[in-house]
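*Asks:* The structure follows.
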Amino acid sequence: MKEELGISQLQIGWLDTAMLLPYSFAQMFLGTVADRMGPQRTVTICLALAGISMFSFGSWNNFGILLLLIFINGAAQGPVWPACCKCISAWFSDSQLNTVFGFINTSAYGGSIIASGLAGYLYEQYGWRFVYCPLSVTVMVLALVAWFTLKMPKDLKMIVPGKQPVDDKAASTNAKVSFFELWQIPMVLELAVAMMCNKIVRYFIYLWFPVYLMNALNYSASHTGIIVSLFDVGGITGSIVLGIAADRYNSIVLTLLTTVAGTVGFLIFMFTASWGIVYNSLMLLTAGACICGIDALLGGSVAVKIGEKDGGNHGAAVAGLINGFGSLGAVIQGPLIGFMSDLYGWSSVFLLVIGLLTLSSFLMLKAFYIERRRSIITSIMYVENGIPVH
């Protein structure tokens, strides 16, 4: 693509930004769409728009058009995850929600593996221009699937055990909340910034850690690929295990402890990176479990619970805000890591990673105390009003 169209490395970088930036902002500002329109219409429209925008991507030679199409694609995908969060949370009781999101979160890693393999095959067989067409058709088919299957319990006149039925009129009124009011919901600010810190670290491992392994530790490309793939394996394992555990223990505390474990792991790695491939493989497997595992909680079940606490109808909006703000980390990590590694070396990058994870830990500790204080106040109010506390 680069040679055929005569575009520079900088322009390739702009294509990446044109996808991630609107994706982040669409999640933050349009997450509330699913609270108003419902997940079914939101996911169907967004997936259809994303598929249509990329269907003809390989047919164009003009860089400006390519930039516009990938911008539309990123913006269209943004509201999909918040809408899915709202739908999933409606079908399961709160006691099961973390486990369900733990399993659902593995789709991001499994889908990435399948898409990468399929795109690689299409590229080798037909060239880069044909890669986008079959994948776009797949997304448009999924839009149809979403229309016929993404129903809410109230659409089917069903009541989910452990879920209080939502009054449609009250829900519609509650869904009307401004962007700035979302930030004032307790714990949203803390978890959004914590998510951004974790996303910076996550994308550092995806995009920069292979460079470190090859340049600093002199690993071969094949060994590097195998080691880095273990990060996804750890992510799948961590998502499932952490989700199951979070339904039995406090989810905020578990995310805090997991992040602390990741911080300690990177601190140890700074002094033991030369121990060999086996040790580094175990380290990356553990890092994947710690860093990727908490995504399902912070941007999924925990976010939805915060948005719908005390009768609120902002589950999708809060999930979109936390995920969208976190995804800004994917946008800024490239220039940030590149600047740090060029100017101060790889040691400074690992210190930055440790600092980000430490900040994330403190923010989640603060969120835990906010949650605990609210629980105590709620219990006192129940006692004063003669309501049994469960």
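Just so it is clear, glycine is given a Cβ too, placed from its N, Cα and C backbone atoms.
According to TrEMBL, the feature domain 'Major facilitator superfamily (MFS) profile' maps to 1-373. Positions annotated as transmembrane segment by TrEMBL: 12-30, 42-60, 100-123, 129-150, 203-220, 226-245, 252-277, 283-304, 316-337, 343-365.
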*Asks:* Between the transmembrane segment (226-245) and the transmembrane segment (316-337), are there three or more CB pairs that fall under 8 A, provided the residues in each pair are separated by 6 or more in sequence?
*Replies:* no
*Asks:* Can you work out whether the transmembrane segment (252-277) touches the transmembrane segment (42-60), with the criterion being 3+ CB pairs under 8 Å where the paired residues are 6 or more apart along the chain?
*Replies:* no
*Asks:* Which bits of the chain, at least 6 residues beyond where the transmembrane segment (42-60) starts or stops, bring a Cβ under 8 A of a Cβ in it?
*Replies:* 33-34, 66, 69-70, 72-73, 76-80, 83-84, 87, 128-133, 135-140, 142-144, 146-147, 150, 316
*Asks:* Does the transmembrane segment (100-123) come near the transmembrane segment (203-220), with 3+ Cβ pairs under 8 Å (pairs 6 or more apart)?
*Replies:* no
*Asks:* Taking only the residues in the domain 'Major facilitator superfamily (MFS) profile' (1-373), give me the average pLDDT of this model.
*Replies:* 86
*Asks:* Report, as numbers and ranges, which residues of the same chain sit near the transmembrane segment (226-245): CB under 8 Å and 6 or more residues beyond its ends.
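*Replies:* Here the qualifying positions are 98-103, 105-106, 108-110, 112-113, 205-206, 209-210, 213, 219, 254-255, 258, 277, 280-281, 284-297, 301.
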*Asks:* Should anything in the same chain at least six residues away from the transmembrane segment (283-304) have a Cβ under 8 Å from its Cβ atoms, list it; otherwise answer none.
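*Replies:* Non-local partners: 81, 85-86, 88-89, 97-98, 100-102, 104-105, 108-109, 191, 194-195, 198, 201-202, 205, 209, 227-228, 230-239, 241-243, 246, 251-252, 254-255, 258-259, 261-262, 265-266, 268-269, 272, 315-316, 318-319, 321-323, 326.
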